[in-house]
Every structure is written in C-alpha cells, then in structure tokens.
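Feature annotations, courtesy of TrEMBL:
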type	residues	note
ACT_SITE	HIS136	active site, proton acceptor
BINDING	ASP44, PHE45, ARG46, GLN116, ASN117, ILE118, ASP119, THR211, SER212, CYS258	NAD(+) binding site
BINDING	CYS144, CYS149, CYS170, CYS173	Zn(2+) binding site
COMPBIAS	284-297	compositional bias 'Basic and acidic residues'
DOMAIN	4-272	domain 'Deacetylase sirtuin-type'
REGION	284-318	region 'Disordered'
Amino acid sequence: VDFMRNLFSSALGLSSAAEKVLDELTLDGVARYINSGKSAGIPDFRSPETGLYANLQKYNLPYPEAIFQIDYFKKHPEPFFALARELYPGQFKPTICHYFMKMLKDKGILRRCYTQNIDTLERVAGLEGDDLIEAHGTFYTSHCVSFCCRKEYSLEWMKEKIFSDDIPKCDKCSSLVKPDIVFFGENLPARFFTSMKMDFPRCDLLIVMGTSLQVQPFASLVSRYCSSTFTFLLFGFGEGMDFDSDKAYRDVAHISTCDDGCLALADLLGWKAELEELVKKEHAKIDSQDAKEKASENKGATAKASSASAPPEPKAEE
C-alpha cells in the first residue's frame, strides 16, 4: 500500500516536499552519506561496432539474437558454444568496480547486487550466492534441457566440454546441457522476483552502473525504490530519475566508466588505497592460479606427446 501511495503521489505530483537525504547532489554528497553510517573490460551486447551482436556474422545466424534463442539453440547449439569459448569465465579478470562491490559487502553496506552479467566475475571477486541476484542467469551451473531430467552440472564440467569442442550432452539422458543463463524465450529466475519485493522497500541507496536500463524487466528495478531512497548513477541513464531539475533532491549522476567512478567514490570514502591493494592482491592470486593451470596442462600435453613418440618395446624372444 505504501509503495502504491508513493508511486501515484510521485507520478501525479501530489506528494509533499520530499525530504532531502543528501546534503549535496554530488559524488562528495554520496560519499558523506555512506560514511555517515546511515546507509545499510568485457564486451557488452548492444554497443555499435564493439558489442557482441555486431560481431556475430561468422556464425551465419538468421539474426544476431538467434544465438540466445532457446528454440534456435535446441536445433543449432554449435554457434552458442563457439561463442561460449570466447566469453567463458576465466577469460577475464574482475575489475575495480567488482572489487568495490566486495568492499561494500565486507563493510556491511551491501544488501544485494542485482546483475545482468553472466560471466560470474562478481563471484570471482568474492561475492557469494546470497549476495547476488543473477537476473539473466550464470555460467556457474548448467542443467540438462530435458524437463524430465534437469540434471545439474558444474562450471568445471561445462568448461571441459566447451574447450574440447564437444557439444555438451547429458550423461543421463543424452539431451543437450545448457549453462544456466537466461535465453530469449525463458523466464528469469524466480529469486529475482521474490528478492526484489523484499530488498527494494528496505533500500536507502541504489547504485546503478554499467547498464543502459533498456532490457525489461531488469530496467524496471529503478522504479521499485521508495521516495526516500536516492540513486547514484554511474555510466547510464534511466527513467524516473531527476538529476538537474529545480525539484531535484535525491538522485546523483556521475558520468564516467564504472571503474573510474568507483575509484573516485572510494577515494572520497577514504578507501582508495585499500581498494587498489585489494585489486592488486586478487589479480596476483588469479595470475598465479592461471600459471599453475597452464603449467599442469603443458606438462600433461608433453607427457602425451612423449608417450606417442616412444618406440614400441621389442617382443620378448620365445
């Protein structure tokens, strides 16, 4: 009832003067609010020329979005899994903004991260399942597409299949196995809808970054917060926000890259050195793990080559 009352009051201009939460509608104002204790590199899909949809000609698709159409996938899974090799988790490292979200969690400020990303980089940066609403799914788990089976498979199982050029098939029923990313024609995870009903009425700061807010129903999340919640926007625009009118009292826009914006906010919060050290330490850990895995793979390949080139043992004389 309160949500509907606030919604109609705001839409019809019937509300009384809103309380100004920030002392200043700037990045500094956001930082001071967070510090007051009152607050609880990868290609995208749609950018012209550089987005994924603009670079799919090599897959001979009937139209770009077909690569993520569930009906097309079931008949022609090859293009998706070819693309998956290029996008697979582990090909990229989390960036500053991923680790900034991890810091928000560690400092007890983060209630939830709602993401459209499917690359699992939030998990790599240290967020856990309960911290995340992966609205468009994730590569973290996979399932058999047969409704009668639905056997679950791990990230490592799927990775092995994808990089061995095998089309992943269920070892129980032989149907296709698909990563748990949401294709066109599939529903968003039920947890997306249940969580937003609980999270947004309790939210007092909504940080929006790295999205054009064009894809529904994710884009509608910005209309779910109450009038006392303020929005800090990084690199993107959305309806229902007011940054520069005479009535602006709540929303803040900082137009930059996500990493630059998070670093700037961390600096104002007094966290910049801590954030930079976290990124440095975690990237070094990832590099070390990658080096070990490559060394192990090379060792295995060398052993196989040596075994194949070794001359056959002579037969014992009778």
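The backbone N, Cα and C atoms fix where each Cβ goes, and this holds for glycine too.
In terms of local Cβ density within 10 Å, CYS144 ranks first among the binding-site residues CYS144, CYS149, CYS170, CYS173. Around the Cβ of ASN117 (NAD(+) binding site), a 10 Å sphere holds 20 further Cβ atoms from the protein chains shown. Restricting the average to the domain 'Deacetylase sirtuin-type' (4-272) gives a pLDDT of 79.
Apart from CYS144, CYS149, CYS170, CYS173, the Zn(2+) site neighbourhood in this chain, defined by C-beta within 8 angstroms of the site C-beta centre, holds VAL145, SER146, CYS148, ARG150, LYS151, LYS172, SER174, SER175, VAL177. Other C-beta atoms found within 10 angstroms of the C-beta of ASP119 (NAD(+) binding site) number 21, with every protein chain shown included. Cα of CYS173 (Zn(2+) binding site) to Cα of ASP119 (NAD(+) binding site): a span of 27 Å. Taking Cα separation as the measure, SER212 (NAD(+) binding site) is nearest to HIS136 of the recorded positions HIS136, CYS144, CYS149, CYS170.
The binding-site residues near ASN117 (NAD(+) binding site), taking a 10 angstroms Cα-Cα threshold over the set CYS144, CYS149, CYS170, amount to none.
When Cβ atoms from all protein chains are considered, those within 10 Å of SER212 (NAD(+) binding site) total 14, not counting its own. Across the structure, CYS144 (Zn(2+) binding site) and HIS136 (active site, proton acceptor) place their CA atoms 18 angstrom apart.
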